[in-house]
Ligand SMILES: Nc1ncnc2c1ncn2[C@@H]1O[C@H](COP(=O)(O)OP(=O)(O)OP(=O)(O)O)[C@@H](O)[C@H]1O
Ligand SMILES: Nc1ncnc2c1ncn2[C@@H]1O[C@H](COP(=O)(O)OP(=O)(O)OP(=O)(O)O)[C@@H](O)[C@H]1O
Ligand SMILES: O[C@H]1[C@H](O)[C@H](O)OC[C@H]1O
Ligand SMILES: [Mg+2]
Ligand SMILES: [Mg+2]
């Protein structure tokens, strides 16, 4: 994991990150590289389309800015290789059935390939069978599914990323004190992994850190209120973690409003408000995924699948820790979205 | 005279509402709206014009539709049920707990299903008791239940997705009692959920129009005090109506969870609005006293056809929301205008 | 002209029955419920017993509370507004577009705020027109608007978070017109949002009790036909009520977005239920004709106190939901029981 | 000289109903014009056309002071000097009396701001002027129907209109208030004003009107000068046959067996130690002034209201009655005085309404036999002469009197042992009234125990074998029909009440 190493102040985390999944040629090592560069690297073996074929991506929603970034990456690849890209997702990230209806619609519209960011890892198995039977290649992205039908999975290792956030927080607070977490969701795999990764890291590696029971809030306003309540109820709190864009933004807001400027807040993902907060010191740092790259690589993988090319089992789109010190580094900046 | 006409017809409108189930002309109009929407998508959405898509729409609207059948009774009494969405999650989670493999209870299918219905009846009975006995406004009673059910679904599932491997369960909903058949070169399979939906619609129509339950529900919605003074045990029948509502939600939960064989405890928030919208688009009056089962079915189909068609058109999500809002409005408006015109005569 | 004892008592008795805003005893009861909840948390939640927390509760309930003030008028007419939640998002996004730095419009604060209010009035007017002129049931008219507003918020924001750097904007909501002061060793700062909430509550109470708007809203909710036959232009006043509702939502949107200084287009879904619950807990009757501004304020505070207290107790989210459901139920139940007892008397 | 008002060629068609056909009507200055006709004859509809609520069919003409006008809406009607007291109360229950009086009225606010104090003062003055004792601050919904009616009257009078229409204003009033109303009418009529008075009570017509116009089946029959004709002539113009007035019951009670026995009944506010019995085949009348508590007795016995004490026995057995279901199960039927609020499902059909109290006869294991319901609906519609195109017609579309007949049908079908009729002929025309009296006689012959509450003394005398008179929540005496006269009933009704509430100052 080269880039992750360089961008992270602590190489061990990054080592973990990239070594866990099966090594893959294209993506995992270059998580922070801009997608077009990443693409151009493999451009030789990505065949151009004729502009008539559609790649249909079913995402988790459009509630978070994150998905807009994924979409941008996907559309960028579509343009570059002359494929049409459809990008849909349910209204919020609990609507599994709605997502499956969308997947069914995707199947009905007979695209050249389908991408799926599954809200639930088990729910889609029937539809995956049908998609396979229809001879449409399917690529998983963002989150995997419990099935070997998808030809590959383009994803962040959320568990490892959460551990990285925890590790940085431990360092920021000097290894002791009370910390809280705001998790954006308690039922999805992503939500759980980001909560569990954080908590388990603390349990295993930070004996002097007390972790408060998590509050769940997937919207900024609610997260802000929850964070503030948590801080007020526990004046000894020294650190706070928010598990996605909304939760982290809310955590920062809660910290600001509570007037506790000592509190170290670490987050997940980016977005304008988190970036601003990190720049002006209200937030210590965050883990970013590589959403644009994730979208880009998903489409590239789909094109390869359409053309019968081999794909690795997992394409790790990577993650990176960023803070005020490296936020403007080109490798980091490329993964941040406003 | 033209300006006068409007205010006057409004007064007259008050004076002449439709009967218990609205006219057959009304049902025709809602049906026409559905057909119009359908035909529109046949031209506007690629690949929409297949029998398979129509079956999809039917099966995807089944659980909302079934819940809407029950809610129709509740609305007929002048009540409302905001707890159907999260109540559905709770019952689906219950189904998971009863039927999934250990550590869950792994009960035989029949017993599990019965218990789910029981949970549905219980939730309905609590709503019913709050409304009929304690006298809470249905909006508040079911709003409280909506919150509580959401919490409980998360509590009892321990926020885990539960997958129900029981093949009989999935088959109940997804299987094909009607054997697959060939038509125009493609294989047509009608999932049982569609049959269940149709069957329950017939049952609901029978209950509403031909039994004491329906008659008293409408009477209560029409004039509760007069119904009470006619010697009708209003509390009892209201309770029954909410229990029936709960049972339909339970069946909705089975259709929902059986479709994919898994249960997600936090889904279902907001479904209640689609459920209510289906009933109201179909001509059931929110002030009670007028209800219409065929209309409810068509209402559910309109909602699902819209969703499916707009998705297949590849319209951006945000525009889908806008369009759905506008079409729901127009669909109900047609009904309103028709009533007015009939009255203006 | 002598009068017997009996006649006197009868007249007095009739006069003592509740007027249009419920008895003061009722307001007392809801207030008692709030106090009970508050006292409970003083013991149950660590560090809850601070003035700062109370101010927090006030300021965090401000935007829901302000929207509830407007919705109280709508409910007074027997209507309902399901579009306040997503409508708030839409108006917040509008605020962002008007006030944020280029590529947005970067208007002066006053102009921007005025435009936001205009958007609020417009949304209200569309709801009003759908209800009052086209005759759509308020539930459906505002449900459609709820969907459309959500979509539009995403469309016009291009699903971007918009940050409003304008310092005046944030100061308007977050600043302290009342200078900070020391109390018991800690600095107390009352954010302007709290003042705005209180001020608007007074305005709303005045509008409801002392102006034609409130009078006609209540009259329409109590007996629309009789009000029409009294020569009141029911359509016009219903329109006005929905416009006022929209204006309050706009102010809610300003309070909401001003708190953060940025606007997220997809928030606000489901807020409408909290808004309605605040009004109803406060004693406003969903069937119209009876409304109570003080009650609405207390209702909003009850909801926020609960949230805050349960969060500070560190209760798990799912249990928070269950408890909130049950407490809402009990709060309304107290009111209902009181009414019953009063009527039985 | 031009007439104050002339209606020419007025027709009004509702879907399936021709309510008015080429009706003519004229009103002179300084005159009270009676408007008579059977239930459903079109009286209310004609007045709604006049006051801008309904649009007539094309061709209708309305002339005021010799000028043709087109009445656009309620406010326009008022501007033209036309106001109306509707047959049904049109009040806003959640507002106070004063607020109701000034609702929608110009001058009730200053630039949108309302001063309730001032309104209350003006209302108090108004009530003073009209001699009514009503608290302006009382919530409308807390008043009895009679008082509400007085408020309606005060409101209509206070508009200082030139033409005032009163559509059955006394249906909820007893004799004393009616007398008071007549004084108000006489005060109102001046050389420049006129009043149209609709009533089914012929003595009132005789007393207050100068001329009477008659409608039948939506058509204009004719106009007579009141002093020149006998009332029965007007009645025969209305119904096309003779109907007797001044009569007494034609039956006797069947046996001495007590069917209903009420002892020591008291309620929280009003009733005090009520005791009475009704025997097999007996009709017990209840007379009294408005607010005497007759309705409350009925509701407490039936179970619709709570009582603080009192035993109820049906055929010698003590019955437990806590709500209306208990009442019905114990064999008691109660026909409420307020049909719209407590009696009818306005948006359901005649048959469904008629069957509502007897559903157990029309279902098997929950399955409803609609054919039987329709049959019984038809049978009773015919028996009671309900004027309707079909029994599937919604109640809302019937005239007030026809609606009343459907409520009566409901309880006749129920066939309870004990029947309590609270103002059973409210709004019923003279012809139909006689039919209802005959029905009561029939029921008596069948051995039912019947209570009839009525505010019309002739009616009480016509139907009751015995008369209980109430005042201030107590029974002040019983009279046998033979000894009863309007005078001695009134004496008992005013015991301990030098001043009659509501209507007198
Ligand atoms: N809104 C309506 N729709 C349909 N039919 C109506 C409507 N209003 C009145 N009618 C019919 O018109 C006819 C005249 O009714 P109207 O109320 O004028 O009678 P009325 O003379 O006032 O009788 P009553 O003495 O019983 O009050 C009746 O047959 C009635 O059924
Ligand atoms: N002192 C009082 N306080 C409150 N309510 C009263 C009082 N007196 C009478 N009422 C109301 O009026 C009713 C008593 O009048 P009720 O209707 O029984 O009299 P009634 O003789 O039937 O007269 P009406 O002709 O008005 O029906 C009670 O039901 C009660 O609601
Ligand atoms: O899967 C998650 C995604 O990676 C991003 O962090 O936003 C929330 C979730 O949808
Ligand atoms: Mg009439
Ligand atoms: Mg009475």
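For all residues, glycine too, the Cβ spot is worked out from N, Cα and C.
Annotations in TrEMBL come from automatic prediction, not curation.
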Among ranges B:111-136, B:137-162, whichever one TrEMBL labels transmembrane segment: B:111-136
Feature transmembrane segment in TrEMBL, mapped to one of the ranges B:1-20, B:61-80: B:61-80
Stretch-level contact, the transmembrane segment (B:111-136) and the transmembrane segment (B:28-49), CB cutoff 8 A, at least 3 pairs: no
Intrachain neighbours beyond the transmembrane segment (B:189-208), with Cβ under 8 angstroms and 6 or more residues off its ends: 21, 55, 58-59, 61-63, 65-66, 69-70, 72-73, 76, 171-178, 180, 214, 217-218, 244, 248, 251, 255, 258-259, 291, 293-294, 296-297
Segment proximity, the transmembrane segment (B:236-256) to the transmembrane segment (B:28-49), 3 or more C-beta pairs under 8 Å: no
For the transmembrane segment (B:61-80), distant same-chain residues with Cβ under 8 A (at least six beyond the ends): 88, 131, 138-139, 142, 193-194, 196-197, 200-201, 204, 207-208, 213-214, 217-218, 220-221, 224, 238, 241-242, 244-249, 251-253, 255-256, 259, 271, 274-276, 278-280, 282, 284-293, 296-297, 299-301, 303-304
